[in-house]
Ligand code: ATP
Ligand code: MG
């Protein structure tokens, strides 16, 4: 073990926020050892802004609770730790851990419970990468380096502590962490890791809880280098483990969305991590819509069912929380609304809680060459820049164009003597309540079809599987579609 001077590592207390020093000082005053460890130390040494600071101590969670009283909450079962509030900030305070006892690992060697308290040396040995295992005590101005981690930082190398195969088996999530840190820090991955990063190894991710994998996927999406990590996920066979039904390909749409996400993060804008799931699952969702449409399911219902199906399948890999699922389905539903709004709904639509996300999504589709958006992304973009009068004129013109299209459509229909009547553009249900409730005209008995974003491609070939007595066809009609849902505020 080397004790390095903090200043030699480019570290000083001036870089640290008061809340972390406050937590360390309180623990020290109570007679315990306390350090900053992990990403905070690593990022400061690399000249990056740490996302957060993790503290580590020889006090057990119960003792930490004694020190901080009501400012502290003990959380976690598998991995018990203390959450300490310092002002409005939350600091995770972990206790030094010893290797887990045999009884709490699974047959495959995965650690199931990890609350065996130990010494700092033991704690060091069970951390993942050398660069995440530096212990910084700012008051003493020292950094404890147990494994020449400083040299790995200098050489920009990601090195696992211990035997890489064993470490991946213990916790397969470390495979995701490898790619995340390699992409985030632009580090190269140690040969010893590359050697064992096989398809068999990635299979171990199947044993990880889908809740944990969702959390990890969110970290991948929000680290600021999503665009860099996506091809790596494919190359290392992780993509298929995380996204069951999404073709392992970074399409132009996905790439644009990833770059856009990274860009927003780099300028400090907020992002809703579920947005990228909406992007990734868009194609499977559309294919599922087509599948139902071809079976004669009404468009709105086809979309609702397709959304449920796709999200349910994805939940076998990463369980997306309910609020995020709702967000994703609303963004998708917005695509239909924004594509063909009734003129009198345009103003209300642009004030809708989900407008911004829906519009961003539409524009990304359009910019990545999806011409089923029919230029509406650009239209809404321009609309938002307009003054009140200009907006009125734009809506009037949109209305005229729409009527013209409809006439043309019905004319073409007549000329071509199509067997199937053209869909009525006004059939789309309003997403927002209209200001005045007007009595509805009785609907003409139309075949179940509707214009949908991109829903006019060739139907999948295996449709024969779904017959009238298939359970999906017997499912109760979705009574409340999204047009009746009252949406909450944007995240
Ligand atoms: P980030 O910048 O994402 O916060 P981080 O390195 O701080 O990166 P955390 O997930 O906050 O990552 O974890 C804090 C520290 O805990 C890590 O630096 C590492 O030392 C240890 N750690 C976290 N997860 C694991 C794991 N799965 N296996 C071993 N050690 C881990
Ligand atoms: Mg951290």
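Cβ coordinates come from backbone N, Cα and C, glycine included.
Annotated features, as they stand in TrEMBL:
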type	residues	note
ACT_SITE	52	active site
ACT_SITE	54	active site
ACT_SITE	128	active site
COMPBIAS	435-455	compositional bias 'Basic and acidic residues'
DOMAIN	34-159	domain 'Poly A polymerase head'
DOMAIN	297-408	domain 'Polymerase A arginine-rich C-terminal'
REGION	399-491	region 'Disordered'
Helix, strand or coil at residue 54 (active site) [DSSP, three-state]: strand
The domain 'Poly A polymerase head' (34-159), counted residue by residue under DSSP: helix, strand, coil: 36 helix, 40 strand, 50 coil
Number of other Cβ atoms within 10 Å of the Cβ of residue 128 (active site) across all protein chains: 22
Those active-site residues listed as 52, 54, and which of them has the most Cβ atoms within 10 Å of its own Cβ: 54
Per-state residue totals over the domain 'Polymerase A arginine-rich C-terminal' (297-408) - DSSP helix, strand, coil: 89 helix, 0 strand, 23 coil
PLDDT averaged over the residues of the domain 'Polymerase A arginine-rich C-terminal' (297-408): 93
Residue 128 (active site) and residue 54 (active site), Cα-Cα, nearest whole angstrom: 15
